[in-house]
Amino acid sequence: MQIIRDIAMLHRAVTALKQGGKSIALVPTMGALHAGHLSLVRMAKRVADHVVVSIFVNPTQFGPNEDFAAYPRDEARDAALLVEEGTSLLWAPDVGTMYPGGHSTHVEVAELGADYCGAARPGHFDGVATVVAKLFNQVRPDIAIFGEKDWQQLAIIRRMARDLDFGIDILGAPIAREADGLALSSRNAYLSAEQRTAAAAFPGALKTAAKAIADGADVAETLARAEAAIVGGGFDSVDYVALADADSLERLAVFRAPARLLAAARIGRTRLIDNLPVG
């Protein structure tokens, strides 16, 4: 596996990988790789000839009071895992490479980024869309793979890729979960043992709510019960629990397919997100 940090070297390496009509799948990450990330890499291997993984902890998607400095980083461990998975290339730029002096352009997907995590984390999705657009231009993949755990992010990237004519197939990978249902996340490492036990209440409440809504229960009442169950299970607060159109992300007061149950909640200093299909 090549580890590259320079854009000119990246372009040469990508050109070599594409010789003979070979295809490339990109898996963008912020590192601190876990089994969920590795499931994306394996999916990429199934759909393309070569897999490029990027590791970049993107400062522009963190708010001023968020965990950029504390976000876990262990490139040597991550690289070893990617070698085991047969990754062709690791793109690991630094902040100066991604955002050189004078950088002043950003991408905004206004409609899809305004609600849910966008409301709780102003500017977050502008940072995500901008860095992903740059990664697309740098790597020039045929396919890009993102986890479905951040459903809003996936919807935003799909819209951006369509609106800006990137010509890249955007694939979503199913959420990888622990045995008790908690979605795998690098931020799970922040949880104490007690918090980790309590965190199972989050996916449990969403699973119950998704089934109830699909079975015809009142949406508003079901969402309120889910919020109460999450807080009752040990969470400090709930940012949102919402039923949304799976494509447009429009909030739904009455169930119609395709729909997704979206949620974010806080336990201690950790903010967790999750979602489930409904129906």
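Using the three backbone atoms N, Cα and C, a Cβ is placed for every residue, glycine included.
The ATP binding site feature in Swiss-Prot is assigned to 30-37, 147-150, ALA176, 184-187. Packing around HIS37 (active site, proton donor) is summarised by its Cβ count: 25 other Cβ atoms lie within 10 angstroms of its Cβ, all protein chains included.
The active site, proton donor annotation in Swiss-Prot covers HIS37, and the record cites sequence analysis as its basis.
What Swiss-Prot lists as beta-alanine binding site is GLN61. Here GLN61 (beta-alanine binding site) comes close to GLY123, HIS124, PHE125, GLY127, VAL128, VAL131: these same-chain residues lie at least six apart in sequence, with C-beta atoms under 8 angstroms from its C-beta. Following the DSSP three-state reduction, the secondary structure of GLN61 (beta-alanine binding site) is helix.
Cβ contacts within 10 Å of GLN153 ((R)-pantoate binding site), excluding its own Cβ and spanning all protein chains shown: 24. Per Swiss-Prot, (R)-pantoate binding site is recorded for GLN61, GLN153.
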Roughly how many Å separate the Cα of HIS37 (active site, proton donor) from that of ALA176 (ATP binding site), to the nearest whole number?
9
GLN153 ((R)-pantoate binding site) and MET30 (ATP binding site), Cα-Cα, nearest whole angstrom:
14
Rounded distance in angstrom between the Cα atoms of GLN153 ((R)-pantoate binding site) and ALA176 (ATP binding site):
16
I'd like the number of other C-beta atoms within 10 A of the C-beta of LEU33 (ATP binding site), please.
25
Relative to the Cβ position of MET30 (ATP binding site), how many further Cβ atoms are located within 10 Å?
17
